[in-house]
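Asks: One structure coming up, written as structure tokens, with questions to follow.
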Amino acid sequence: MNPQAKLVFTASLLLGTTITISSNHWILAWTGLEINTLAILPLISKSHHPRAIEAATKYFLVQAAASALLLFSSMTNAWYTGQWDITQLTHPTSCLILTSAIAIKLGLVPFHFWFPEVLQGSPLTTGLLLSTAMKFPPITLLFMTSQSLNSTLLTTMAVLSTALGGWMGLNQTQTRKILAFSSISHLGWMAIIITYSPKLALLNFYLYTLMTAAVFLTMNSMKVLKLSTLMTSWTKSPALSATLLLTLLSLAGLPPLTGFLPKWLIIQELTKQEMPLVATAISLLSLLSLFFYLRLAYCSTITLPPHTTNHMKRWHTHKPVSTQIAILTTLSIMLLPISPIFLTIM
């Protein structure tokens, strides 16, 4: 892609995100989301492969439907209350439509169907943007309207997201699809707590972004798109494979890694809200996603092919690990000891 074009699209992504997260008016928020959608489409379809074009088309249709619902929700609220302010969303029907619209934008169950397909058709760097940066504006809108959202509906969607995200990732062999289902599962954890402790949901999102960025950039550096390629990566880049193992375990939420912190705090908050059954259910369902993280980790570090493989071996180029991967991986592994600082901010 032309560097100037890439610069324009990246600047548009930043602009769209900034407009949405800093707006108080529904029309401005909607405008920011539309700019974001239009800016990411060329980045998805830049390879001109039929699958990339298909992914871009699916993404456009789904996001356009979600944006229309969001606009309809805000207009309904303005019709009944005379308020266009984002924080003044009080009409129950508007809240219901808004929850559906943002669930479609994020890829929460039962509106998750588009996300794995779109991620599978995108390059790894664009996949990283779709999994992290593109989810930030909708999460911000949920944060701003959290006091008026239906907590029962969100809890149901969250538990289903954690269940299906774990369940459907079990038999995947493509790393991008595995990461897509991982994202759906993590979104369940954010959605379940957003009405009770919005700051905790944002903290979960930030830490999820850190860990996912580390995994995507590591896989991009090793050029890994499927599990069979991951199995032969140990001999080429042992340091990256070892850190990928730890980052994946952190994404799974195992102590004493960073990923344990948001899950621990969310379970604690759910217990305070007298929801022990929901906390137990979501904890047990996260074991499903733990299985495919362990499968990825096993493939990246332990499995050396016992026989000569049929696919082409790549050249062993010992390029140095990039600084951004080193920083992100370190943060993805070692933030748990400073959790008291997060607790004071909360």
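Every residue gets a Cβ built from N, Cα and C, even glycine.
Where the annotation comes from TrEMBL, it is an automatic prediction and has not been curated.
Checked TrEMBL, it gives:
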{"type": "DOMAIN", "residues": "23-288", "note": "domain 'NADH:quinone oxidoreductase/Mrp antiporter transmembrane'"}
{"type": "DOMAIN", "residues": "290-343", "note": "domain 'NADH dehydrogenase subunit 2 C-terminal'"}
{"type": "TRANSMEM", "residues": "56-76", "note": "transmembrane segment"}
{"type": "TRANSMEM", "residues": "96-115", "note": "transmembrane segment"}
{"type": "TRANSMEM", "residues": "152-171", "note": "transmembrane segment"}
{"type": "TRANSMEM", "residues": "178-196", "note": "transmembrane segment"}
{"type": "TRANSMEM", "residues": "202-219", "note": "transmembrane segment"}
{"type": "TRANSMEM", "residues": "239-257", "note": "transmembrane segment"}
{"type": "TRANSMEM", "residues": "277-304", "note": "transmembrane segment"}
{"type": "TRANSMEM", "residues": "325-345", "note": "transmembrane segment"}
Asks: Would you mind listing the long-range same-chain contacts of the transmembrane segment (178-196), meaning Cβ under 8 Å and 6+ residues beyond its ends?
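Replies: Same-chain contacts beyond the ends: 103, 106-109, 112, 115-116, 119-120, 127, 131, 135, 139, 142-143, 146-147, 149, 151, 154-155, 157-166, 168-169, 172, 204-205, 208, 212, 215-216, 251, 262-263, 266, 269-270, 273, 278, 282, 286, 288-289, 292-293, 296.
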Asks: Which residues of the same chain, at least 6 past either end of the transmembrane segment (152-171), have a Cβ under 8 Å from a Cβ in it?
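Replies: 96, 99, 103, 108-110, 112, 116, 177-178, 181-192, 194-195, 275, 278, 281-282, 285-292.
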Asks: Between 202-219, 239-257, 325-345, who has the most Cβ pairs under 8 Å to the transmembrane segment (277-304)?
Replies: 239-257
Asks: Hey, which bits of the same chain come close to the transmembrane segment (202-219), Cβ under 8 Å, at least six residues off its ends?
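Replies: Distant contacts of the transmembrane segment (202-219): 124-125, 127-128, 131-132, 135-136, 139, 143, 175, 179, 182-183, 186, 189-190, 193, 225, 230, 240, 243-244, 247-248, 250-251, 258-259, 261-262, 265-266, 322, 324-325, 328-329, 331-332, 335, 342, 345-346.
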